[in-house]
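Engineer: Structure incoming, see below.
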Amino acid sequence: MDPATVILVLATHLTCSGGLFLVVGRQLPERCGIQLWGLCGLLFGAAFVGRLAAGLDAPPAWGQLSDIAMIGAMLLLTAGLRQFFGSEPLSPRAGLALLLGFAALQTLAVLGAGAVGRFAVINLGLGIAHLWVAAIAATARRGAEPGLQRPLLVLTILAGSQGLASATRGLHIAAAGVDVIYRGIPAQLYYAYSSLGTVLLAMILLWLLFARLNGQLSELATRDALTRLLNRTGLDDALRRHFGARGAQPLRLLALDIDHFKRINDTLGHASGDQVLRAVAGVLARGVRPNDIVARLGGEEFVVCCAAADAATALSLAERLRSAVAALSTVAADGRTTARCTISIGVSEACSALADWSRAAAAADRALYAAKAAGRDRVMAA
């Protein structure tokens, strides 16, 4: 395939991909990075169209504008990726400074070496930009949720290899001259790999977007919107995973209920009640061990599942949680009143299989009712 056809195909693909990301980005929250991906695609596509319109053999100065647009597009891509992963992108002033620095460097290269200088600098610039993208992806992968791990690994490999290929091509052009820009096996291999990489990049970005949205949908389905603890669906999933694992350890169930919660709602208002629920949930989440499971069953009812705990350990944990909640002081919604509460806890016997879960839950509920009947703010074992 001749270079003009390759450039035309790439320009079409980039423009369509950019338009798609712009449309999708308008439906998502601001500063999520997707719209910057769209602008990157449109600008890169326009740069290829400009290069094609100027002609492959046009004077170097004519193609500099498209080269600057390509570097600008890569800066938009890096900014979009950083926004997508919650990092602060380069400021517009810093981005403009980089762009002007590239333009000045390429101008000097054109004045000194003509077309060879121009193509050497743009390939080196694109190589550095792709390596920057690879570094962003590799850094984001360290703390990313599981669903983003694979696309980020693929993006790191693709952008890193593309960066090395572009930088190597820039050095090759600087050493061998203008004849290797479009001719020869290295040029053909580069254009083939670059074309494939451009197509794959858009697919990987879509993969990242769908993985993020899928994770958010899963979060909505399995997490309580108020406290961010697991809800009943999330608890069921966690129990299935726990007991489905090889060598699953027994669980002891702690059934917890906020004492006189209706009184808090009636006297301080439902907004204050919500604040109390969030505060209690925070105490529970911070107070358990890494392998324990915490969920809100609804209303003022919570559950803690203690993994591999004997009766004494489960009772000790329950007592620590009870004491921590009793010491809790929450500012009410009016900003002046202080809301305090206590909890009652019932502890079940060990549950060794998912089939025994209903029995353990019933036992914990009976112990919880016994704790309330005995005066509340206490722990009772089944």
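Glycine is treated like the rest: Cβ placed from N, Cα and C.
Summarising the annotation, TrEMBL assigns transmembrane segment to 6-24, 36-56, 68-85, 97-116, 122-140, 190-210. Feature annotation from TrEMBL assigns domain 'GGDEF' to 249-382.
So that I understand the layout, could you describe where these features sit and how close they are to other parts?
Structural biologist: Under 8 Å from some Cβ of the transmembrane segment (6-24) lie the Cβ atoms of residues 34-35, 37-46, 48-49, 51-52, 191, 194-195, 198-199, 202, 205, 209, all in the same chain and six or more residues away from its ends.
For the transmembrane segment (36-56), the list of distant contacts is 3-4, 7-8, 10-25, 62-63, 65-67, 69-70, 72-74, 76-77, 79-80, 83, 89, 182, 202, 205: same-chain residues at least six beyond its ends, Cβ to Cβ under 8 Å.
Residues 31-37, 39-41, 43-44, 46-47, 50, 95, 98-99, 102-103, 106, 122, 125-126, 129-130, 132-133, 136-137, 140, 144, 208, 212 of the same chain lie 6+ residues outside the transmembrane segment (68-85) yet bring a C-beta within less than 8 angstroms of a C-beta in it.
Long-range contacts of the transmembrane segment (97-116) within its own chain (CB-CB distance under 8 A, at least 6 residues past either end) are made by residues 60-61, 64, 67-68, 71-72, 75, 90, 122, 125, 173-174, 177-178, 181.
The list of residues near the transmembrane segment (122-140) in space but at least 6 beyond its ends in sequence, with Cβ under 8 angstroms from a Cβ of it, reads 67, 70-71, 74-75, 77-78, 81-82, 85, 87, 102, 106, 148, 152, 155-157, 159-160, 162-171, 173.
Outside the transmembrane segment (190-210) by six or more residues, the chain places 1, 3, 6, 9-10, 13-14, 17, 21, 24, 34, 37, 41, 84, 148, 151-152, 154-155, 158-159, 161-162, 165-166, 169 with a CB less than 8 A from a CB of the stretch.
Looking just at the domain 'GGDEF' (249-382), the mean pLDDT is 94.
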